[in-house]
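A.B. asks: OK, Swiss-Prot features for this one:
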TRANSMEM  1-21  transmembrane segment
TRANSMEM  25-45  transmembrane segment
TRANSMEM  59-79  transmembrane segment
TRANSMEM  96-116  transmembrane segment
TRANSMEM  122-142  transmembrane segment
TRANSMEM  149-169  transmembrane segment
TRANSMEM  178-198  transmembrane segment
TRANSMEM  200-220  transmembrane segment
TRANSMEM  237-257  transmembrane segment
TRANSMEM  274-294  transmembrane segment
TRANSMEM  325-345  transmembrane segment
Amino acid sequence: MNPLILIILLTTLILGTMMVVTSSHWLLAWIGFEMNMMAFIPIMMKNPTPRATEASTKYLLTQATASALLMMAVIINLMHSGQWTITKLFNPTASTLMTVALAIKLGLAPFHFWVPEVTQGIPLTTGLILLTWQKLAPLSILYQISPSINLHLMLIMSLLSILMGGWGGLNQTQLRKIMAYSSIAHMGWMTAILLYNPTLTLLNLLIYITMTFTMFMLFIQNSTTTTLSLSQTWNKMPVITTLTMLTLLSMGGLPPLSGFMPKWMIIQELTKNDMLIVPTFMAITALLNLYFYMRLTYSTALTLFPSTNNMKMKWQFNSTKRTPLLPTAIVISTMLLPLTPMLSILL
């Protein structure tokens, strides 16, 4: 793709998201969503392979459906209240339709089926954008309309997302699909606490984006897309392999790494609100995620696949491209747990 066209598309993508995040009018938010979608689809087809075309088509169909539902909810709300303001969503039907539309855009269960397939069909860099930047716009709208969202509907979708995110990733060998199912589970944790403590959702989002960015950057450094290829990097880049292992365990929520902090704070907040069954279910289903991350860690750093003698440790390691953001991202992804007491006071 022409670099100039790519810059224009990325600028439009950023502007579309910023328009959604900063607008208080439904029409401007809808236009922002459409700008974002129409800029992202050509980026997905940067390498015009059949898989990329299929992924782009699936993404277009799901996002167009979600946008149609969103506009339908806005029109119903407009007919009942005469309001275009985002925060004034009073009609229950409009609120339910809006929640479903945003759940489709986020990839929450039971509308999650498109996320693994689309992520698998696109390159790692585009997958990183899909699983991080593309979550900002729908979550910002959910944050604004959180007082009028149906609690039971949101909790059911959140719990289903955590369950499906763990369940779906169990038998995967493709790293992009594993990251997609992990994204579904993390979205479930974020939306579960949204109605009780929206600020905690933002903290969880920040940590999730940092961990996902770190993970994808490590995959890009290693040029790996499968479990097998990841397990064969120890003799070329031992330091990168070790960091990959730590980040994987952090994404699974294993203490004392950063990924444990948002889970701990969310369970604590739900318990304060006299909810016991929901956080118990969330903690148990989070073990599914932790299991497949630990299995991935085990196959990456602690075992050797059957191989030839050429797989022995090399005397000279591959030189890696300098990425200034990666060390900072790794520190945030693994060492934030000591800040928990301070953050719990602030939140």
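Backbone N, Cα and C define each Cβ position, glycine as well.
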A.B. asks: Within the same chain, where does the transmembrane segment (200-220) have neighbours whose Cβ lies under 8 angstroms from its own Cβ atoms, ignoring anything closer than 6 residues to its ends? I mean 6 or more beyond.
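C.D. replies: 124-125, 127-128, 131-132, 135-136, 139, 143, 175, 179, 182-183, 186, 189-191, 193-194, 230, 240, 243-244, 247-248, 250-251, 258-259, 261-262, 265-266, 269, 323, 325-326, 329-330, 332-333, 336, 343, 347.
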A.B. asks: Could you tell me what the rest of the chain brings near the transmembrane segment (149-169), counting residues at least six beyond its ends with Cβ under 8 Å?
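C.D. replies: Long-range Cβ neighbours of the transmembrane segment (149-169): 92, 95-96, 99, 103, 108-110, 112, 116, 142, 177-178, 181-189, 191-192, 194-195, 278, 281-282, 285-289, 291-292.
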A.B. asks: Can you work out which residues elsewhere in the same chain, 6+ from the ends of the transmembrane segment (1-21), have a Cβ less than 8 Å from its Cβ atoms?
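C.D. replies: Distal contacts: 28-29, 31-40, 42-43, 46, 129, 133-134, 136-137, 140-141.
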A.B. asks: Grab the same-chain neighbours of the transmembrane segment (122-142) for me: Cβ-Cβ under 8 Å, and only residues 6 or more beyond its ends, written as numbers and ranges.
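C.D. replies: Answer is 13, 16-17, 20-21, 29, 32-33, 36, 40, 43-44, 46-47, 51-52, 55, 86, 98-99, 102, 105-106, 149, 176, 179-180, 183, 187, 190-191, 194, 201, 205, 208-209, 212-213, 216-217, 219-220, 225.
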